[in-house]
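Colleague: Here's a structure for you.
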Amino acid sequence: MPPLLLVGPVVGAVLVYLFLRVQVWSKPDATSVASHGLWVGIIGWMASSLQGAMSAGVIRASPTSSNAPFTSEDLLAALAWPIAASLVVNALGQWSYPAPKSPHRYAELTVRRIRDFLPAKLAWTTVVIVAYAGTAIVSIAALPAHAPVRPVPAPPSPIGTTVYTGQGQDGRIAGSELAGWLGGALVVLVAGTWLVLVLIARRRQLETLSSDDNRMLRAIAANRLLRTVATIAAGLASIAGNFAALPTPGATWQSSWFNVLGLVNMAVLLVMLWWKVPVLPSLQAAAKAISGTALRADPRTHGAAKLSVSLGAVLGVAAVLPLVTLVLWFGFIPVEGQRSLAPAIVVTVAAVLVLLTIAAGELLIARNYGHPEAPLDWPRQPVSKGLLTFSIVSATVFAVTLVLTGTGQSLLVGPPAWPANLFLTMGVGLMGAAAILATRRRRGLPELRDERGLDAALRAISMYRIVRTLAAFLLAQSAVMLLGNAEAWGTLFPAFNQLGPSPVYMTGVVVAVIAVVVAVTPVRSLFRAIPRGTQPKQNQPTP
């Protein structure tokens, strides 16, 4: 075992704990506690990725192909780290709450039990998914092992003729061996989930929250934990499905196959992603007042504001649809030579579609509600200082990552991939500039006395969405280069090869988490600046 094996995970756990502790460092009111819970869910979700184990048990025919874990050491690392990381993050979420500081301790007359705060529907859904995963794992136990067929070198051939060269055929370990590893991982997952639920039940009340908020806080923690556990269990079933679908070496062998359980895994992922999270009772009224639903339902809201608010849902579809489509293509239909750039292409397409949607929304607002003689009301501060600073930091992270990745790839044999990353990023930058120009030059909106500031508020919302998208894209591209160039980074920093998991991999995961968080950060706080007239707008004349 490498002497520095646990350095990366321990440092990562300490950083996660400190980050979560800062969220509730001062007096933990309902807002900060809700933010703390959101971060626990996001970090735990991203840490649970089983992507490195999706080809577990497969023995590659060619040493130049992407590695798949099939030895005991590789299987242990590929399965143990994601499960342990997700459970530890959820446990750190409970340990990072501040201890009571009041001299008078809060006493409860009732004993807290897990079933008192466990969401029933989600709990039964998780049980069904775990049982499904167990069934899939048991089904591969009787599958035999297959030795890989090594590639056949090309024989000498006359100039101008083409000769088929055998590309090799992947083999696999015994099904009982992989079933043992997957079954053990599932047992550890279930046992760890129970321990975290016990921790949630026994955690002390937060003295700054009401009894109702404290009860709901435990339900929220259980909700986020069970959704992550269900996703991991479905991922274990997908690994078993990929192992079972691997073609048998021989005359009928083919280089591609279809994993049906992979589609089930994707369906579970989407269901758990959109499963509703409860809200603290004290925050429900405030959240409803500035929500997009409330603005759209209010008859006093201007039509342009309703269109801008509705654009948020369209942006989500514009980003998620290409992601799901391309992940299905690159994830379940192997295409030789495309995997290295597949994540970069996925991120680029999503960012371009989001920016195109924002620009199209501005053009639609100008066409339906703008007037040539209305003044252009540009906001005093189009982008907040915090978001602008964060965007500059994101650009710096991307530049440093690009330079180091290019340096590492220059030490390897073969064409470098970093120019493609740079080209894709420049294209997204040009699209972002076009979206900013469309926002800046959009026709002004005629404003009544009770609608002063409407035009500036809508432009500020669009600018926030554009800059947020660009910052998230830069971080996502940085994460792609960190996670997809392990050989280049290992060549550049040989000491990292002795660490498990590699600090580069863990950094890539953290950067990817931040990118996702930035991309989904709501613009709800800017909705407060949208004025609401004193009269309903149904009969408002169109300029």
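Placement of Cβ uses the backbone N, Cα and C atoms for every residue, glycine included.
Please treat TrEMBL annotations as automatic predictions, because they have not gone through curation.
Found this in TrEMBL, in case it helps:
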TRANSMEM  6-25  transmembrane segment
TRANSMEM  37-59  transmembrane segment
TRANSMEM  79-97  transmembrane segment
TRANSMEM  122-143  transmembrane segment
TRANSMEM  178-201  transmembrane segment
TRANSMEM  225-245  transmembrane segment
TRANSMEM  257-275  transmembrane segment
TRANSMEM  309-332  transmembrane segment
TRANSMEM  344-366  transmembrane segment
TRANSMEM  387-406  transmembrane segment
TRANSMEM  466-484  transmembrane segment
TRANSMEM  504-527  transmembrane segment
Colleague: Could you tell me what the rest of the chain brings near the transmembrane segment (79-97), counting residues at least six beyond its ends with Cβ under 8 Å?
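Modeller: Result: 9, 12-13, 16-17, 20-21, 23-24, 28, 36-37, 40, 43-45, 47-50, 52-53, 56, 181-182, 185, 188-189, 192-193, 195-196, 199-200, 203, 206, 221, 224-225, 228-229, 232, 501.
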Colleague: Under a criterion of three or more Cβ pairs within a distance under 8 Å and sequence separation of at least 6, are the transmembrane segment (37-59) and the transmembrane segment (6-25) in contact?
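Modeller: Yes, the transmembrane segment (37-59) contacts the transmembrane segment (6-25).
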Colleague: Report, as numbers and ranges, which residues of the same chain sit near the transmembrane segment (122-143): CB under 8 Å and 6 or more residues beyond its ends.
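Modeller: Beyond its ends, the transmembrane segment (122-143) has Cβ neighbours at 172, 174-176, 178-179, 182-183, 186, 189-190, 222-223, 226-227, 229-230, 233-234, 236-237, 240-241, 243-244, 261, 264, 268, 275.
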Colleague: Could you give the residue numbers and ranges of same-chain residues that sit at least 6 residues beyond the transmembrane segment (225-245) on either side and whose C-beta is under 8 angstroms from one of its C-beta atoms?
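Modeller: Apart from its flanks, the transmembrane segment (225-245) reaches 41, 44-45, 48, 50, 53-58, 82-83, 86, 90, 119, 122-123, 125-126, 129-130, 132-133, 136-137, 139-140, 143, 172, 175, 178-179, 182, 185-186, 189, 193, 196-197, 200, 257-262, 264-265, 268-269, 272-273, 275.
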